[in-house]
Amino acid sequence: MRTLTLKMDQIHIPIFSYHFHLFVFSLLLSFDNHIHIFHNNNNTSSQFHSSSSIVTLQDSFLNHPFLFSHKSRRFYHRHHHHHHRSFTFETNSLQYDFYHDSCPRAERIVRAAIRELHRSRPSLIPAIIRLAFHDCFIQGCDASVLLDADDYIDSEKESPPNQSLKGFDVIETIKSKLEEACPGVVSCADILVLAARDCVALAGGPFYPLNTGRRDGSNSFSDIATFELPSPYGDLSEIIASFKTRGFNEREMVTLLGSHSIGVIHCKFFQDRLYNFAGTNEPDPSLDTEFLKLLRSRCNHTNALSSATLGHNSHGSPSSLVEEPGVDMDFEQTRPDFGTVYYHSLLQGRGVLYSDQQLMKGKTTKKWIKAYAYDPTLFHRDFALVMMKLSDLRVLTFPMGQIRCKCSKIA
């Protein structure tokens with residue numbers, strides 16, 4: 001395993017900026033590895049969503065003079081205090097390029113599988129990101145959401161908030177390829193966060209570095225998932241409290257929810273706003289008439305009711321052959337930028353989920369919605385940081401945990 005030694009007395013990094021510079025250094029290493037991989041596999045990096053997947057985040061750091069300027073101390077104090085103080089990280093004994101010796105092609109295998117997914121089943125790209133969030137939010141990034149139920153395990157898959165999750169088969173397929181290349185080496189927990197990272201980049205979001213070395217848990221937490229995942233019906237105070245229990249402040253919460261700019265939201269998650277808000281048999285009065293008509297055109301009353309009864313099998317596919325009705329998050333098809341469409345929709349009072357539109361009720365949350373709506377570079381940078389933080393939540397590292405042979409079964 002490679003070791004990196006920094007001689008601090010020679011590089012003269014101010015002590016209070018050390019952690020941020022270390023993050024940037026890791027980022028540059030990751031970019032170099034990322035570009036090298038795509039050059040080897042494709043002789044071009046254009047098969048990723050666009051070069052902006054990489055360059056947007058890279059430029060947002062490299063263009064800041066505090067990284068290399070002699071005036072870095074003053075600039076960093078002013079800029080970092082206002083824009084980075086809310087993002088904190090714990091390494092949890094994870095390491096950059098953990099599989100360099102034990103499975104050197106690990107990240108390339110994950111990336112190739114996700115690139116093929118983007119070509120053949122693009123609707124699952126946002127589903128993988130959601131799957132990673134639902135895993136990490138419940139007892140940390142330990143791949144517990146991937147476990148099937150058995151005599152000793154109540155699967156998180158079967159908890160009500162998780163019954164619409166998809167992409168389990170994708171992660172299992174990647175795991176089988178890694179088992180062929182490096183048996184018993186790469187954890188399902190690492191596969192899931194790496195796959196989500198590559199999905200973000202393919203969706204037009206930032207590419208961000210991830211340390212690896214997570215190990216898989218041996219339990220699943222159905223009850224905790226049922227009661228502690230953020231509810232699409234929650235008001236602002238409930239949403240803030242939910243994220244706070246996982247160490248995310250209001251800004252980070254708004255940043256993470258920017259992933260709602262892609263994918264489809266099924267009608268069952270907002271049908272009450274259209275037909276029976278708060279038991280009144282009337283629509284949500286905060287919905288303007290035209291937006292209400294648009295949502296009802298996608299989710300008529302009959303379809304909305306039937307979608308609530310559709311189940312899912314253990315692979316995350318609908319148990320019925322009928323696809324659940326829903327609304328594409330880019331329903332106006334006017335803003336392709338990752339994140340931008342979501343924040344502009346909230347500013348216009350056109351948030352599909354009740355919980356999303358609730359973000360406009362808070363002074364702090366509204367401030368960051370406005371900031372991200374008009375500064376995509378700021379959002380991409382912050383989204384990269386907060387996804388790194390999410391991916392490091394309560395991870396298991398050796399000697400804790402295990403390496404599963406199949407992601408759906410404990411070893």
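One is the number of the first residue shown, and numbering goes on along the chain from there.
Cβ atoms are placed via backbone N, Cα and C, with glycine included.
Noted from TrEMBL: CYS407 is disulfide-bonded to CYS188, selected from CYS188, CYS199, CYS267. Within the set CYS182, CYS199, CYS267, the cysteine that TrEMBL bonds to CYS103 via a disulfide is CYS182. The cysteine that TrEMBL pairs with CYS267 in a disulfide, picked from CYS199, CYS299, is CYS299. Listed in TrEMBL as the disulfide partner of CYS136, from the options CYS141, CYS199, is CYS141. Other residues of the chain with a Cβ within 8 Å of the Cβ centroid of ASP135, GLY140, ASP142, SER144, GLU156, the Ca(2+) 1 site, are CYS136, ILE138, GLN139, CYS141, ALA143, VAL145, LEU146, ALA189, GLY217, SER220, PHE221. The two recorded residues, HIS134 (active site, proton acceptor) and CYS267 (disulfide bond), show a Cα separation of 20 Å.
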